[in-house]
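As annotated by TrEMBL, transmembrane segment applies to 7-27, 33-52, 64-83, 95-113, 120-143, 170-190, 197-212, 218-234, 241-261, 380-398, 410-429, 435-456. What TrEMBL lists as domain 'O-antigen ligase-related' is 203-389. Residues annotated as region 'Disordered' in TrEMBL: 283-308.
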């Protein structure tokens, strides 16, 4: 007789399908209505009912107490910060979203799924990833719904891919979150060649998608993530990678990526971004001397050509714009160091601050700080930032503990390493973007994290 699955299980599957595939958001008056606004409350009610009626069981030996205490502490600080808020409504929206993430994470981590249910979850998510990745490439090839912000700095590309994520920066963050896991499963887990190549192809699709986002910081983080992923399980990874079929697949992917539009120029631009955060030497390693102090060597052996000079100019403007936004967040925090300006009120106070400090004005009356940590600091102050960071510090502590316990199980080990690196990329990209405050991306972060923790803790040796 076929196993009868709980409604909770089907709702978790629905999250895995709808959240990556459906970016639709509509408004009922001032209230935003999107997938997570409907799905998470329904899952919460159903899971509570099925637990009460003993339709589902929880992992009683998997303690979430510390997570919930830390989530609760930050929620309390958010409530207190509202005493400083000029506008309550955006703050309340932010708090409700945050609370929904915590509830979702708790449910998907604690519910005891069967081996067949985990297998279905894995297959479903793999198919969804393939659909999103293929759609991303098709949107570039056929110029469907491309983002044109920053295209002025590109010569060959005619837009930036955002697939189903609404913004190329959001999509870039999601890609880097899943890429380490795809690489490890594709190279180091499967024994059969067809499955290795299939998952490596999926990894390759996401590498190409990342290129098509033309997000410089994401490119750098992706490169670092791939290197770190291979180094964390070096013996098995390189043994499986250095086989004829995987070497050929890797070479093909490298050739494809190298020949994609604007790859070389955008890579140079990414290097210029890195260089911009370090003081320039007046004498270059190659021996060229910068006599006029413009950062460009004067002799012919090391001088930037006109194309690179233009590229560097565009890059410097982008860096100045981004660092100015960060300064705005810092000034807001500096003026309100204890409780901030109130949760959700950065945008509300933005115009006031660019008026008060004219050097911060970049032509907009409202603009994102493009840094999740500065957003938290400016809105909830020092105590808010510390309690917020404590959640993610414990997240890593929890993950490392699970790794120590389950490192003998290959799949669980690889999943945890992939999540470790993926979560690291997520933390890194939040320095340059507000991904933690993008519902679609953040729901996927906590959903995938919870399911990985759940499977790793389960007694199933493989899914």
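Glycine is treated like the rest: Cβ placed from N, Cα and C.
TrEMBL: automatically predicted annotations, no manual curation.
Contact counts against the transmembrane segment (380-398), taken as Cβ pairs under 8 Å, peak for 64-83 among the stretches 64-83, 120-143, 218-234, 241-261, 410-429.
Here the transmembrane segment (410-429) has long-range neighbours at 169, 172-173, 176-185, 188-189, 217-218, 221-222, 225, 228-229, 232-233, 236, 392, 395-396, 399-400, 402-403, 435, 445, 448-449, 452, 455-456, 461-463, meaning same-chain residues at least 6 beyond its ends whose C-beta is under 8 angstroms from one of its own.
When pLDDT values are averaged over the domain 'O-antigen ligase-related' (203-389), the model yields 83. Counted over residue pairs separated by six or more positions, the transmembrane segment (435-456) shares at least 3 Cβ pairs under 8 angstroms with the transmembrane segment (170-190), which defines the two as touching. Of the Cβ pairs linking the transmembrane segment (218-234) with the transmembrane segment (170-190) and spaced 6 or more residues apart, 3 or more are under 8 Å, so the two regions touch. Within its own chain, the transmembrane segment (33-52) has Cβ neighbours under 8 Å at 6-8, 11-12, 14-15, 18-19, 22-27, 58, 100, 103-104, 107, 111, 439-440, 443, counting only residues six or more beyond its boundaries. Sequence-distant contacts of the transmembrane segment (95-113) (same chain, six or more residues past either end, CB-CB distance under 8 Å): 8-9, 12, 15, 36, 40-41, 43-44, 47, 56-59, 62, 64, 67-68, 71, 74-75, 78-79, 121, 343-344, 439, 442-443, 446-447, 449-451, 453-455, 458. Between the transmembrane segment (197-212) and the transmembrane segment (120-143), the number of CB pairs under 8 angstroms, six or more residues apart, is three or more, so the stretches are in contact.
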